[in-house]
Amino acid sequence: MLTPIPCAHIPRVVKHVRIPSTVPPRTKWCRDPRTLRADSSREHIALYASQLNVAAKHNLVSDAQRVVETMRSKGLSMDLKMYTTLMALHGRVGDLRGAWGWYHRMLANKIKPDGVVVNVLVDMYASAGDMEGLEWVVNMLHPDMDIKILTGVIKGCVRAGDPRAALSVFQKVVEWGVVPDAVMKSVVVEALMADGDFEGAKEVLRGETHVHVFGKVLSGLIKMGRLEEADEVLTVMRERGIKSIVLSSLLMDTYAKRGDTGRVEQILKDMHVEGSVPDVHVYTVLVWMYVHVIKDMNAARMVIQEMVNKNVRPNTVTMNVYVTGMVRYESVEAALEVLRRWEGADIAAYTVVLNALVKMGPDGLERAVALFRTLTASSCLPQPDRIAYTVLMGGYCQTFETVPIAHTLFEEMVQRGIEPDAVAYNTLLSGHARFGLVESGIRVYISMLEQGIPPTVETLTMLIQMYIQHRSHAHPALLHLYDMFKSTRIRPDHLLFTSLARAFSIRRDTLSLQRILKEMQETYHLTPTPHMWRILLQDAKKDPEMVGVIVREMIERGVWREELAKGVRPFGVFVSFVGDAWVVEVGDREWRVQEPKVIP
């Protein structure tokens, strides 16, 4: 084999000599320096593009900016893909101005946008609900664009909440002579149904044979509760010879959840007539109906047996529904026997049994722990996940003595590499709230924040109840909890307001109690429930003046009834209707309270 000679050492007179095929025409060490510099630049750009993709994947705008600045300092130019990545990144974080800036920089560098850029702009403006921006993108469209891009713009208008704009774009596309495919028709159907034009959506089906378009119409009608029209669409499909077990099972599932077993059985018969063979999804709907609606475990068992006979393997959803029925209507032992015989049992099925055992009291908890440890000790059985751990922690949080064991279980879960979520933390906090364990409960809450898990409405409710049980009614932290939840995006519920009202009532903070009751109705449009009033009255039974305040609040909100007067007399509060107002007497004090006037 010939040894390659460096180019610089080849005499000029022999450069025209034909090089043998066995010798590479160029070697790495004899390439033109300009080629080496170009390749080096490409390698650097590829490296920075990779770094930019990582920053964009994690929505790290500052890191992406540093990558761009480093490229500029080295005289490297960005390509179309990098500009597109930056636009998408700023769009995801809601910085439309920043995305727009990168678009203009791209144009200034004479880089022509492609279809991907158009889709990025559509997603950005659609997510922000910015119809002006979408109109600007629409003006960029032209007949030569790929049909996928045109479809993306139509879908973006639907996502932005303006289906009429989507239909306008579709009309323009049709005028250009573009023949819509099934995907575009599906998006148009979605726009028509979002605009309330059901007849127009059904008009699209005229002559249509693609199951995807029918699926959009059918699922849209089901979501709107127009099941009779959904039945008509399914009939049209059958008449045109379009078979779809998925759509049939979707309609069956809807009827099953509404308790209309007759329609479920009719759809099943129609499937048999047209020659469709039920799949696992159809059988799962039947099992669900027999378990949750008809509550007939024998019928559910027959469906499972039919699946086995027809070689349709039950999936985990099917068996989990079946195991749930066994636990609820037969026995835990029967459910365990099913799990022992079922090779594909997953942890969700075992969790159903664990949950049932935990609810059976101390003996059930002991059996749940035994089952749990059987799982952790075996390499052949499914291993507990976060939900299984949370269920068992909830069982340990029922008694004061076992709350520390719940802590130990929580730590075991973390050590096994299972990341806790808000539900796991709230379950652990429930034990502290039940027994007023403030110090350790606060440590759990701080750990939750350190892990970057935002508190939920249940978290704040647990913290308030924890202070109430601890009798720390005047604790400064309790006073700040209400202001804290108002500064967040947490949507309060009745339970949170009930806990807050209890806290302020017990500490005799009349002004704060009246303030939250007012905000509950006027700001959050939540009406205090009878259960809430009963709890407040029960808490204040040893404080007649506070009972009087609560009664006055009930009268002013129009929920006081004459039969309730007997219930507050043992508390030292006397209520009677005199003239046109209620009179509330507590000791030697008396209030006249007018009921709210009802405007006809």
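Glycine residues also receive a Cβ, built from the backbone N, Cα and C atoms like all the rest.
Since this is a predicted model, take the numbers as computed values, not measurements.
Summarising the annotation, TrEMBL assigns repeat 'PPR' to 79-113, 146-180, 210-244, 279-314, 346-382, 385-420, 421-455.
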Distal contacts, the repeat 'PPR' (421-455) - CB-CB under 8 A, six or more residues away: 386, 389-390, 393-394, 396-398, 400, 403, 406-407, 410, 413, 461-463, 465-472, 475, 477, 488, 490
Per-region confidence, the repeat 'PPR' (210-244) (mean pLDDT, whole number): 81
Counts by DSSP class (helix H/G/I, strand E/B, coil) across the repeat 'PPR' (210-244): 26 helix, 0 strand, 9 coil
Composition by DSSP (helix, strand, coil) of residues within the repeat 'PPR' (421-455): 27 helix, 0 strand, 8 coil
